[in-house]
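Engineer: I'd like to ask you about the structure that follows.
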Amino acid sequence: MTLSSSCSFSKVSISSFCFVFFMFLLIGNSSAQLSENFYGKKCPNVFNVVSSIVHSVVAKEPRMGASLLRLFFHDCFVNGCDGSVLLDDTSSMKGEKTAPPNKGSLRGFEVIDVIKSKVEAGCPGVVSCADIVAITARDSVVNLGGPYWKVKLGRRDSKTASFNDASSGAIPSPFSTLANLINRFKAQGLSTKDLVALSGAHTIGKARCVVYRDHIYNDTDIDSAFAKSRQRNCPRKSGSIKDNNVAFLDYKTPNHFDNVYYDNLINKKGLLHSDQVLFNGGSTDSLVKTYSNNPKAFESDFVNAIIKMGNIKPLTGSKGEIRKQCRRAN
């Protein structure tokens, strides 16, 4: 029996109940929906503020565009896109910044601080840090030559963060098997196609020696000349300052958001183990080939996937808060 048929009684009291019930459903449903025009009246200049700052920062350091995009990914994969990754530790809370997937490698917090400060000056208490991270990710991609998409907004900020949740394996590691990657994305409601498309974000940015060392010395699914060239900057022995030496994830066009990443995988020149498993005789080989041959297909699927990722468990309505500063709860 549908709700409409169950609410077709003639008694006034029941009809009134049904009206209130339907209104509750409508309000509850709309509050959980993100909208491209969420700040249209309340803070229409937010996009210009973010765009201007991201353009300036990425022009000075292209790698920061990749770092800001990664910040969005790491935020969404731990309890949803709620800005929790931005919170500093406190005496009563150990947050996500020092969790293994983030410690010493997650960057861009200062950029978010600058953007938040500028936005607060014009629209105090209106725009969430979680939404700023989402817009910043889009603008970073665009500034590096990638596709544009309309960002859905209306997220609110969490009041807390969890070191344990960020350390639980929710964020796939660079040492992941293909099966693990697929399962980690599936746990977030993302498909295998989403996994392969979002992995294309590794067309920009750099990785530290400590996360690709094992791949270039011990894996067999890697071009030998490519492995040797990476070994020059990343010694086999760990435990030295050289652990933090970096290499481009896409050695051909490292500062341009394109589909060359997939060409690299086909040629066994993926920097990370978790990159190369996408093209190693498994179920994702065909998608890698598709994106290598068809940049438009990659861009379209990437946009669809990142919008989908941005919808992971957002806090909306009266949940959470709008932080005044992104590093701490109000």
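Please read every residue number as a count from 1 along the shown chain.
Backbone N, Cα and C atoms are what each Cβ position is placed from, and that goes for glycine too.
Those TrEMBL annotations? Automatic predictions, nothing curated.
Okay, these came from TrEMBL:
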| type | residues | note |
| --- | --- | --- |
| SIGNAL | 1-32 | signal peptide |
| DOMAIN | 33-330 | domain 'Plant heme peroxidase family profile' |
| DISULFID | Cys43-Cys123 | disulfide bond |
| SITE | Arg70 | site 'Transition state stabilizer' |
| BINDING | Asp75, Val78, Gly80, Asp82, Ser84, Glu96 | Ca(2+) 1 binding site |
| DISULFID | Cys76-Cys81 | disulfide bond |
| DISULFID | Cys129-Cys326 | disulfide bond |
| BINDING | Pro172 | substrate binding site |
| DISULFID | Cys209-Cys234 | disulfide bond |
Engineer: Count the Cβ atoms, other than its own, that fall within 10 Å of the Cβ of Cys123 (disulfide bond), considering every protein chain shown.
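Structural biologist: Step by step: centre on the Cβ of Cys123 (disulfide bond), count other Cβ atoms within 10 Å, giving 17.
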Engineer: Round to a whole number and give the Cα-to-Cα distance in Å for the pair Arg70 (site 'Transition state stabilizer') and Cys76 (disulfide bond).
Structural biologist: 10
Engineer: Excluding Asp75, Val78, Gly80, Asp82, Ser84, Glu96, which residues of the same chain place their Cβ within 8 Å of the centroid of the Cβ atoms of the recorded Ca(2+) 1 site?
Structural biologist: His74, Cys76, Phe77, Asn79, Cys81, Gly83, Val85, Ser158, Ala161, Asp165, Ala166
Engineer: Highest Cβ count within 10 Å among the disulfide-bonded residues Cys76, Cys234: which residue is it?
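Structural biologist: Counting Cβ neighbours within 10 Å, the top one is Cys76.
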Engineer: Among the binding-site residues Asp82, Ser84, Glu96, Pro172, whose Cα is within 10 A of the Cα of Cys76 (disulfide bond)?
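Structural biologist: Checking each Cα against Cys76 (disulfide bond), the hits are Asp82, Ser84.
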Engineer: Report the mean pLDDT of the predicted model across the domain 'Plant heme peroxidase family profile' (33-330), rounded to a whole number.
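Structural biologist: Over the domain 'Plant heme peroxidase family profile' (33-330), the predicted model scores a mean pLDDT of 97.
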Engineer: Rounded to the nearest Å, what's the C-alpha distance separating Cys81 (disulfide bond) and Pro172 (substrate binding site)? Just drop the number here, would you?
Structural biologist: 16
Engineer: For Ser84 (Ca(2+) 1 binding site), just count the other CB atoms lying within 10 A of its CB, please.
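Structural biologist: The Cβ of Ser84 (Ca(2+) 1 binding site) has 28 Cβ neighbours within 10 Å.
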Engineer: When you put Ser84 (Ca(2+) 1 binding site) at the centre and draw a 10 Å sphere around its Cα, which of the disulfide-bonded residues Cys43, Cys123, Cys129, Cys209, Cys234 have their Cα inside it?
Structural biologist: Cys129
Engineer: Restricting to the chain of Val78 (Ca(2+) 1 binding site) and a gap of 6 or more, list residues whose Cβ falls under 8 Å of its Cβ, or answer none.
Structural biologist: Ser84, Val85, Glu96, Ser162, Asp165, Ala166, Ala170, Ile171
Engineer: In sequence order, which residues at least six apart in the same chain have a CB under 8 Å from the CB of Cys209 (disulfide bond)?
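Structural biologist: The answer is Asn233, Cys234, Pro235, Lys242, Asp243, Asn244, Asn245, Val246, Ala247.
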Engineer: What's the CA to CA span in angstrom from Asp82 (Ca(2+) 1 binding site) over to Cys129 (disulfide bond)?
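Structural biologist: Here the two Cα atoms are 8 Å apart.
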Engineer: Within its own chain, what residues at least 6 apart in sequence put their Cβ under 8 Å from the Cβ of Cys129 (disulfide bond), listed in sequence order?
Structural biologist: Gly83, Leu86, Ile112, Lys116, Asp157, Arg323, Cys326
